[in-house]
Amino acid sequence: MAAAAEAAAEPLVSGLARLLQDTGDLVLDGSSTLTLLTPTLQHLTRVFEQHLGSRNQHRGFVALPSHPAETTAILQAQFLFDMLQKTHSLKLIHVPNCALQSTVKIFPFKSLRHLELRSVPPHCLRGLRFVYSQLESLTCSKCVSTLEEIISACGGDLSCALPWLELQTVNFSYNSITALDDSLQLLNALRVLDLSHNKVQDCEHYLTTLSELEYLNLAYNFLSKVPNLGIFSQSKLLTLILRNNELDSINGVEQLVNLQHLDVAYNLLLEHAQLAPLSTLHYLKKLHLEGNPLWFHQNHRSATLVHVSPRAASSNFLLDGEPLSSSDLMHLPKLVPSVSQSIHTSTSEKTILDRNALDSSCAADFSDSQSPAENVAVRLPRKKGKGKVKVRRASISEPSDTEHESQALPFSAGLVLQHQKEMERMDSFRDRFGVDWLQYKRLEEHNQVSVICRSRSADETTGRPAAVDLQSESFDPKQVKPRLSPKESSPAFHNAGAEEEPEVQPGEPPGGEQREEEADELMLGEEEDEKPEVDLCQPVLVSQIEGEGDPESDWIFLRVTARHVIEVELKAARVLHKLELKCLQKIETSEMTWKRMDLERVFPVLTLHFTYIRKDRQKRKYVVLDDCPEQCLQCVLEVLSPVVEENWRNQDQEKESLRLQCLKCKHEFLQSLAPWQQGPYPAETGDTKNLETLVALNQDASAAGEPIACPSCSSDHVVILPSEVSSSTPVPPSHDGTSEDLSDSALEGGSQQEGPEEVPALPRESGKFYIGGEDSSEMDTSNSTRTPELSGEHDSTIQSSSHSTDGGYGKKEQGMKSQYLSLSHRDTNGGSLMGSYRYSASRGPTSSQLSMTSDSEETWNLSPSANSALNKRDFRSVDHRLKLYLDMEVFEENDEEFQCFLKVTMVKFGRQGEFLSILVASNLRIYVLEVTGVIRGQPADWLKKDDSHYLSDISHLEVGLCHQSLRMEFENPKASYNLLIRSQSCCDQFLQTLTYLMQELPSKHRSKVKEIPTVEMNPQHWLWPLLDSKNTDSAAAGGTCFFYLLAYLIQEYSAPNWTQFKLRPCCQIDRTN
């Protein structure tokens, strides 16, 4: 056996020797990489051990004997061994299905500089410890799960951890690494690190040890935040790729001051305000944001450029791979000079500025409130005008303002000067305003605005409630009574909200404050109100608590105005955050023990809950550090608690109000119901009893003399909008009974669509009829007894006009569940004959329904509008969430692009019954996605890909009867689908869109479809034999050319009577043919 194996392997050795003799010079100079399979290297190792003994185990270079060998095999072995010793680049590949019989040894490679391992098990690799100190690049793919098994243990050598002195490039992409480890400390000279396509969730602190890093690729992982880097690598990193992760912010990139390429595409960035850290990246050249939710914003590029550094955008900047256009450049923020730039201004520049200022007799007015940005805003010297000399008023500056003359000081002296000016400025405020110097703006405006200021004197506290228990008190308006009546609190808020803009002081140039605010907006990404706001209480010194940790070291001032809770920086008085009071939902107070100034004591804690979407703004927690924290907290609570109660009252009013819609102009508005309008069932009750119908409501309103009219067009034809958003998924009917409202104009025919599963209906307060922007007019009824005006004694044939709507309600047994029927609005082209029925049982809410309602998950609108003429654009407009799902999970080829889609009920040949699906067409394929659940939430939860076919494989297209369906047949593999579109205009437009896609294919891939037939009702149609022969004969004798198919519907399940409705003809049969 061994002899046979050696004989079979001899051609391998001789062939490799001849190959290296011909092209070995490319391998020796490093321009080509020697690629070997693991079995080949194992055989070469055995040959070397057989003919050359143990000399291949030596660590250094081995010199071969100079005398000629006896056989050709020994000569070839000596040649190959000599070549491997001088090889600089090696690529070692292991076939996964081939089991390794022994270890893979790389001892012969003495001069190795570049090593690449593909699917090689690390524990089977031997000899890495002899070459690790000279390797310059290392690539491992599909073979490692941790870094330390290669970097620390050197594979199967299991050696001690030593530094890799020359290693500059590490590529560990396409592995199963879940976490980093301390082995990265051994890579002192690393410049390029690629860990893409792994399973890393958090880099923690391990990347901080890489001091020379210039390129970092962590794409296609599960990171939720930007990785932390060391101080040295922060200034050296040039490229950061974080594509396809789970980032919801880019906080941390502002420290990468020399970054040139940033890729955060396909993450979870929601708002453009989260891009504020980009303003400090002055050398950024490439920015990729595609695939994020903010990328789908219609003004994405202009909203992004607001946060990009103007210095970076002015030099060949690429946003999402495209250069900036002239319209994009208009949205760039103005370059605001910073304090550091003003300090670094050269002495010669400042001398020229002073000389020009003196020559033009235009001395600058340096006042107390002048910002540092203003001092450098006039860098360019003015040209002397030839016109009249303007007479200027002299401005007398404060003694502290004369310090601007010493501008030619060194950098350290400039910092001292800035600090000295700030101190003198504070002293002047103290002298002018006394103990209330921190509120100098409010004191200057006291003539215009009445200020609410509360103190803790004994006289004022007589009319207040008892002191607040700060241990576990929670200000929830549902449980706590109002502390201040609306009469006491409302004037203060109205006065504060109606304040006028204060006059600008003579010594305060308004331009400086605006430039400072623009700079703050650029840094924070938040819009600051230029109009000053009046404080409703004294500013409170607090420290913010993040999560459940200790308070932050930076203290801030907490200001409360009529509209905002403002966080102000303690040192520079810069606004950090503005939180709107109208979003304040709840206030909580508690206590915590904290050590301050070597004194451990109990401090009160204030927690504010807001209704923001952003997580970091939903809850703000502060520890009060003022001199009298309890008194300050009490003052804040007296101001904020009426606001919370007012917010809850507004929410209750919105719930009690009725959402109405005008039938004439479709304007939507809110209307508060009077007691005479609410009927016997108040809106507060959680029962499913409904309000009266629109006719009864208008009759009552007319009787009271107060008709409900549209505020836009003054029309009194209004309807009640549904309070709950119903699912767009069809729901199968139950047998409990139905209640309908059918008319000549609204009925379109019908078969019932059955969805994949029954959708639970949310509780409804009233019966509603809705004409909306979608494809249906809906009338909902819930279980209640009929009013006398709408009793069963009326005629069963129901008609409707444009002026009034009469709803027919069936009688309900006690405890019987009711249903509502939703009919599609008739197509404007008049071609739709089959309606889209939706049934949903109206019953009490279950726990799962309540949780679904509380989560407020967004529903999906996947149906094109039928209130206007359809066109191709209706099928191409897709929700960005669905498009992202198609790109990531459905499309099978990289160059596929979405073209159109259609939500339709489908019947597949070979499968029993119909099913709801979404038909998606790209530029190459057609995909059938089955709807498996409620259309709500993530697409992966309710979509399943069934089939996919190439557009070029379409072999037959056929339009169904009356253009209500479309049949498609495919080849390779053979399949047939019948799309039950049930709308003539929708069918025709979708067929036209599909035909256009087929024509856009290359000529060699064009479809084989030559013509598209349309099914007609004739004796060859399969419905023809189903007609009654007697009726056919009698009709022919009477000379009738057409027959009409009538539809009958059971009014009640247990009732024997049948109700006939006037319908349009469903089938027309021409007997003359």
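Glycine is no exception: its Cβ is also placed from the backbone N, Cα and C atoms.
Under the heading compositional bias 'Acidic residues', Swiss-Prot lists 515-532.
According to Swiss-Prot, the compositional bias 'Polar residues' annotation covers 779-788 (among others).
The compositional bias 'Polar residues' annotation in Swiss-Prot covers 843-859 (among others).
Positions annotated as region 'Disordered' by Swiss-Prot: 389-409 (among others).
If you look up Swiss-Prot, you'll see 455-533 (among others) marked as region 'Disordered'.
What Swiss-Prot lists as region 'Disordered' is 724-817 (among others).
As annotated by Swiss-Prot, region 'Disordered' applies to 834-859 (among others).
Per Swiss-Prot, repeat 'LRR 1' is recorded for 166-187. Same-chain neighbours of the repeat 'LRR 1' (166-187): 132-148, 151-152, 193-204, 206-207, 209-210, 217, counting only residues six or more beyond its ends whose CB sits under 8 Å from a CB of the stretch.
Across the repeat 'LRR 2' (189-210), the model assigns an average pLDDT of 93. As annotated by Swiss-Prot, repeat 'LRR 2' applies to 189-210.
Residues 173, 188-205, 239-253, 255-256, 263 of the same chain sit 6 or more residues outside the repeat 'LRR 3' (212-233) yet have a Cβ under 8 Å from a Cβ within it. According to Swiss-Prot, the feature repeat 'LRR 3' maps to 212-233.
According to Swiss-Prot, the repeat 'LRR 4' annotation covers 236-257. Helix, strand and coil counts under DSSP for the repeat 'LRR 4' (236-257) come to 4 helix, 3 strand, 15 coil.
Here the repeat 'LRR 5' (258-279) has long-range neighbours at 219, 235-252, 285-295, 297, 300, 303-304, 306-309, 320, 333, 522-526, 613-614, 888, meaning same-chain residues at least 6 beyond its ends whose C-beta is under 8 angstroms from one of its own. According to Swiss-Prot, the repeat 'LRR 5' annotation covers 258-279.
Using DSSP to sort the residues of the repeat 'LRR 6' (283-304) gives these counts of helix, strand and coil: 9 helix, 3 strand, 10 coil. As annotated by Swiss-Prot, repeat 'LRR 6' applies to 283-304.
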Looking only at residues six or more beyond either end of the repeat 'LRR 4' (236-257), which have a C-beta under 8 A from one in the stretch?
-> 196, 211-229, 263-270, 274-275, 277-283, 288
Could you put numbers on the helix, strand and coil content of the repeat 'LRR 3' (212-233), residue by residue per DSSP?
-> 3 helix, 3 strand, 16 coil
